[in-house]
Amino acid sequence: MNRNPDQNTFPNITLKIIETYLGRVPSVNEYHMLKLQARNIQKITVFNKDIFVSLVKKNKKRFFSDVDTSASEIKDRILSYFSKQTQTYNIGKLFTIIELQSVLVTTYTDILGVLTIKAPNVISSKISYNVTSMEELARDMLNSMNVAVIDKAKVMGRHNVSSLVKNVNKLMEEYLRRHNKSCICYGSYSLYLINPNIRYGDIDILQTNSRTFLIDLAFLIKFITGNNIILSKIPYLRNYMVIKDENDNHIIDSFNIRQDTMNVVPKIFIDNIYIVDPTFQLLNMIKMFSQIDRLEDLSKDPEKFNARMATMLEYVRYTHGIVFDGKRNNMPMKCIIDENNRIVTVTTKDYFSFKKCLVYLDENVLSSDILDLNADTSCDFESVTNSVYLIHDNIMYTYFSNTILLSDKGKVHEISARGLCAHILLYQMLTSGEYKQCLSDLLNSMMNRDKIPIYSHTERDKKPGRHGFINIEKDIIVF
């Protein structure tokens with residue numbers, strides 16, 4: 001029986017808090033389910049909605065000035081959401097509303113509201129790089145890797161981009177400056193800061209509070225546009241979330257990492273923004289070329305990759321004094337694949353203190369083998385490398401999430417061999433190990449190469465799990 005509680009049954013204060021929030025006397029079930037949320041509910045109830053409305057209006061004026069919506073519409077949307085619980089009787093939906101409202105009242109001001117106040121002066125820290133001098137070299141390197149055969153019958157998933165991306169980019173530029181201890185960028189925009197000729201779409205970010213930030217941003221967009229905004233979590237991408245609009249158009253995505261991971265990511269400071277060190281990004285690019293899909297992207301738009309590659313090559317030339325003379329020494333390191341067990345053995349003794357690296361293509365198998373080794377010193381760098389690393393008895397153990405290209409039966413293609421070497425070098429950079437000689441040899445091994453056709457490739461590791469999402473309009477959280 002769903003009776004209304006009377007004030008003699010429950011503590012007056014808790015009952016009053018819930019009653020004020022719901023705008024009605026709670027049922028017995030509502031009271032018992034919501035009483036542990038009383039503290040959060042009280043914060044929501046006393047939250048100054050007028051100040052919040054003012055902050056959203058200021059965000060709109062600064063970053064979304066071209067969006068056709070009035071101040072009164074924004075206010076109505078905000079007040080409507082903060083009274084939504086009064087018309088909601090489903091306990092699950094009430095919990096969702098409380099959780100999302102709690103995020104807004106406790107974090108919005110510090111995360112997005114702060115972007116409306118006067119910013120610190122920008123510390124100009126740009127260096128003039130001669131990217132043009134690297135364009136021919138980059139083109140030569142990429143041309144030798146442009147070996148993917150495009151299957152015209154293959155149906156490619158479309159990546160629809162929202163018209164709001166330019167507004168969000170403008171906001172993100174300021175956000176990266178204000179929150180540069182917890183948020184850094186990589187990808188095309190970060191390279192654009194070095195070379196203004198780089199074209200970029202959305203801004204790629206790593207941060208330590210991704211979920212909170214994306215919820216706040218989703219609500220800002222909802223209050224300004226009136227659109228239903230959905231946050232999605234993809235199971236095969238670690239700690240990844242994306243914001244899309246109601247038409248499935250991509251707005252922004254983000255990877256979340258721990259603070260201890262953030263602390264070790266190599267980064268440089270440009271115009272008050274931290275970007276992932278382009279040396280690290282170059283290694284990641286070389287690693288990603290082992291992925292057959294990335295080679296297909298290269299085939300479709302080689303000039304886009306050329307601009308990025310030339311920028312990063314010039315950066316490493318200038319920063320590390322790399323001489324491009326074709327001297328490759330022992331690069332790429334020897335790689336032998338066991339296709340049945342899906343493990344690649346890389347001979348590393350010429351460069352590192354560990355004699356070899358066992359690269360697993362199945363993450364669960366690696367995890368099981370590490371347990372069998374009874375070793376507890378593995379390093380997990382989350383989405384920064386998509387892998388753990390362990391050095392035990394002079395052997396490195398790690399996981400490689402991309403495909404392995406083969407140039408012949410049982411023979412690792414040199415593109416993948418370089419990708420595996422780059423994967424090991426990422427570890428060296430993250431742990432402040434020696435990498436510069438190896439980096440020089442690796443880059444020189446990419447010069448003056450002939451195209452080698454792809455014979456076949458291994459399949460990527462299948463990741464279990466389900467898609468998660470937050471649907472603001474329908475008051476649903478599934479994770």
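Glycine residues also receive a Cβ, built from the backbone N, Cα and C atoms like all the rest.
Among the candidates Asp151, Asp248, Asp253, the residue that Swiss-Prot names alongside Asp202, Asp204 for the Ca(2+) 2 site is Asp253.
Cβ proximity to the Ca(2+) 2 site centre (mean Cβ of Asp202, Asp204, Asp253, cutoff 8 Å) flags the following additional same-chain residues: Gly187, Gly201, Ile203, Ile205, Val242, Ile252, Ser254.
The CA atom of Asp204 (Ca(2+) 1 binding site) is located 7 Å away from the CA atom of Asp253 (Ca(2+) 2 binding site).
A C-beta separation below 8 Å, combined with a sequence spacing of at least six in one chain, links Asp253 (Ca(2+) 2 binding site) to Asp202, Asp204, Tyr240, Met241, Val242, Ile243.
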